[in-house]
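See structure below.
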């Protein structure tokens, strides 16, 4: 690890948003945000304006992931710059509204930090999602959170990938952070999952408060899992799924998958094995919402990122 | 203990149904695979098995239902309601299924209807039926209990008369749902699908044995009878939840809930306790689909039920023995001081 003597200065994180209901059936975030809209005391921090916000109210009302199209894929340049009109899908219109309130994406007026709260049916624990390996502010925050909740773990998923990265609702902010907590069925609220998400957010907001007060955070390294590839289910000629995640792989998010390890179990009982080169770390294993996205699980590779020292400008 | 033997008509037509809720995928996949491999109707020596995808539209959209819950559409009233072009899809479909597998309550009805479901609750494998005296259902239950070691097998009884019975399985002369959890809706877990495949196989094996004349000894089985539903605490203005199932109750279906045991945890961290006076067995704890029905969990009493030895009618015996319904009627007038509780509270609501 090279020693970095420069300290990167970032502007104070003055405007912070907490998004819930980007997917209308992911209940922890919806419940927390509604709680904080009613009484925001828990999320208040000195010098920070924290705004809880339900991003997809129509989907929340119907307790469905989305109404017309996945909001968390809708923040593309094309969508955000499309001429507004009634014939646009609901979520595209919503993305434009969100971009107006919390962005514009990529501009100096955008919100400093957005936390986007999600649940997954996968056994991912409390996963933090990082979009850029160069975001030292976020890396330092994630390092802080990981230390604070130890010995419980908080894996970091880095979604920086030329093809597989997608345009999230949080991407409107300068520092977007995804929080993905599971396993929890869609439409269900589990106490333990709800509390875990709440604790992680508490530490995240504490970090921001400390940063804004002028604390300097020394260089640190953060172990991350970088998205590598996605694996679909075996399908028949009609596109129907003909196998399921193998019992040896089910619930084993973040554990090594080696070439030759069981991956799928066909309905006739035969085993399909992983034939990649080298060990990967699968995640989003058996996420219900990804059946339609042709994704049984995502493979990742381990990497250590180094964040330089940071302090408030 | 039952000492007599009961003789019942053979089960010549059996239906295996899946996708009654389109996002309960074990049944959907099981039915799809059966339809792929075999004909829709399998004619075998001892039984004809019909495989049915109950709600194809909901399956296509991977939703529980499209307009209304299909598995609440099988009451007499709904089955006989006139159909217009405003009639919800699922009501039209329930009448189609009643023609195919019923008519409910008639001599033409399918002998046995088995409807496959999943739940997000940690319920293992549960038979769900309207009678605790249907010897066919109870013998099949006991058979699965003996054959299946990897998953708990239980029998849940909802005490409703046939006219009010609202689910698909009530269309057959005999019927039950097989409910397996925990599994999130919209996905397939290999262990859950394997359990369902195994359960269906054992059920069909039992039917073949029964139809071929085998005798099944009597005995005692444990049955859970539904007593009441309990809703979440809700905000009086918005009706939104103000608490979740307590961590000490979550996943503890069929573990006795005693007065003052933790029931809910509010979002401010307070524990709300079970205020009932009777210790009962919780089930459907945190079932996703029941939030909209105002049910956080249901509660049941457990008791032991004696089942008689049974066998099927032989060739020359047709019509010689009483029907199952007549047997039950006679039994009810004979028994005195029966421990069987006929009264069931079905109120939903507060602790």
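Cβ from N, Cα, C; glycine included.
Whatever TrEMBL says is automated annotation, not expert-curated.
Remember, predicted model here, so these are calculated numbers, not experimental data.
A:118 is the residue from A:118, A:136 that TrEMBL records in the Zn(2+) site together with A:23, A:26.
Put simply, residue A:169 (substrate binding site) is 10 Å from residue A:23 (Zn(2+) binding site) when counted between their Cα atoms. Within 8 A of the CB centroid of the substrate site residues A:72, A:73, A:166, A:167, A:168, A:169, A:170, the other residues of that chain are A:22, A:71, A:74, A:75, A:116, A:171. Ranked by how many other Cβ atoms sit within 10 Å of their Cβ, the binding-site residues A:166, A:290 place A:166 at the bottom. If you take the Cα of residue A:169 (substrate binding site) and the Cα of residue A:118 (Zn(2+) binding site), they are about 12 angstrom apart, rounded to a whole number. Across the structure, residue A:170 (substrate binding site) and residue A:118 (Zn(2+) binding site) are spaced 11 Å apart at their Cα atoms. Shown for the domain 'AstE/AspA barrel-sandwich hybrid' (A:221-301): DSSP residue counts in helix, strand and coil, namely 3 helix, 34 strand, 44 coil. In this structure, the CA atom of residue A:290 (N-acetyl-L-aspartate binding site) is 13 Å away from the CA atom of residue A:73 (substrate binding site).
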